[in-house]
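Novice: Starting off with a structure, shown below.
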Amino acid sequence: MELCNSTLESGFILVGILTDSGSPGLLYTTISVLYTLALTSNGLLLLVITVDAQLHVPMYLLLGQLSLMDLMLTSVVIPKTLVDYLRGENAISFEGCALQMFLVLTLGGAEGLLLAFMAYDRYVAICHPLNYTVLMRPRICWLMMATSWTLAFLNSVIHTSYTMHFPFCMTREIRHLLCEIPPLLKLACADTSRYEFMVYVSGSIFLMPSLAAILASYTFVLVAVLHMSSGEGRQKALFTCSSHLTVVGMYYGAAMFMYVQPSSYHSPRQDNILSVFYTVITPALNPLIYSLRNKEVMGAFRRVLGRFSFIQDGGCQYHIEAL
């Protein structure tokens with residue numbers, strides 16, 4: 001009991017990938033660059049979608065939510081990791097650990113559901129274009145976004161509360177980049193086998209239907225694309241779908257390894273690599289995958305940039321005339 005009370009008072013120590021790495025300096029630089037890229041690209045994409053009225057359509061509203069989730073997810077984990085490495089301290093309080101777990105589960109879960117809704121959006125746009133404005137009207141779009149956040153929030157509250165109620169009296173060291181369920185359960189001094197099975201079942205229920213819906217949507221899309229008469233339209237649709245599936249593969253691959261794979265197959269090294277993948281690599285790549293070859297997004301970016309340049313030039317001209 002004394003050790004349990006000590007954990008509550010002093011918290012945990014995160015022994016993440018930077019601590020275990022053979023070349024932490026190089027890895028620190030790489031993660032810093034990726035985090036800066038994730039912060040800049042998601043921030044710019046979110047700004048463009050918010051400011052440019054021509055992108056206020058379901059596809060880009062959902063994409064804006066994805067950028068917001070990625071921006072928040074990477075910022076919940078990476079800044080603390082980088083600062084802790086520079087300070088030589090890896091401590092996190094019990095309450096801070098619980099909050100970090102809650103936010104990561106909420107944002108990660110919401111992103112998984114949102115990717116399924118984005119796949120449905122592409123399915124309707126390509127397979128039922130005449131009914132798109134009805135099936136993806138603004139009310140439906142906002143309902144999709146609210147559903148993603150709400151279900152992820154409820155799932156996160158349940159798992160965070162249950163995980164943190166265990167007595168932790170084995171050690172204070174979490175051999176992981178952040179506070180997550182699998183590495184924390186290894187520190188519990190109570191029997192967690194039933195809860196581990198519950199995590200496996202809930203993870204499967206949360207991830208599998210969404211993944212099945214995504215695969216079904218893109219199967220129908222692929223069939224429709226192959227029957228297109230326009231070569232340009234076929235190429236555009238194939239690129240859009242392939243980019244979406246790349247994002248889906250990165251997200252669901254990491255999530256299933258982390259939450260659906262049995263605990264006996266987990267290793268600190270593997271879990272640390274996976275955590276870097278979905279906390280910084282995927283958020284950095286998502287906006288690039290979705291926007292680099294998207295003419296509408298790039299056109300909107302140029303319009304927004306031109307608008308800000310015009311405002312700045314107008315302000316300078318007004319200042320000169322005033323003088």
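Here the Cβ of each residue, glycine as well, is placed from N, Cα and C on the backbone.
Pulled these features from TrEMBL for this protein:
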DOMAIN    41-290  domain 'G-protein coupled receptors family 1 profile'
TRANSMEM  26-48  transmembrane segment
TRANSMEM  60-78  transmembrane segment
TRANSMEM  98-120  transmembrane segment
TRANSMEM  140-158  transmembrane segment
TRANSMEM  205-226  transmembrane segment
TRANSMEM  238-260  transmembrane segment
TRANSMEM  272-292  transmembrane segment
Novice: How about the transmembrane segment (272-292) with the transmembrane segment (60-78) - do they touch, taking at least 3 C-beta pairs under 8 Å (6 or more apart in sequence) as contact?
Specialist: yes
Novice: Rank 60-78, 98-120, 140-158 by Cβ pairs under 8 Å to the transmembrane segment (205-226) and hand me the top one.
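Specialist: By Cβ pairs under 8 Å, 98-120 leads among 60-78, 98-120, 140-158.
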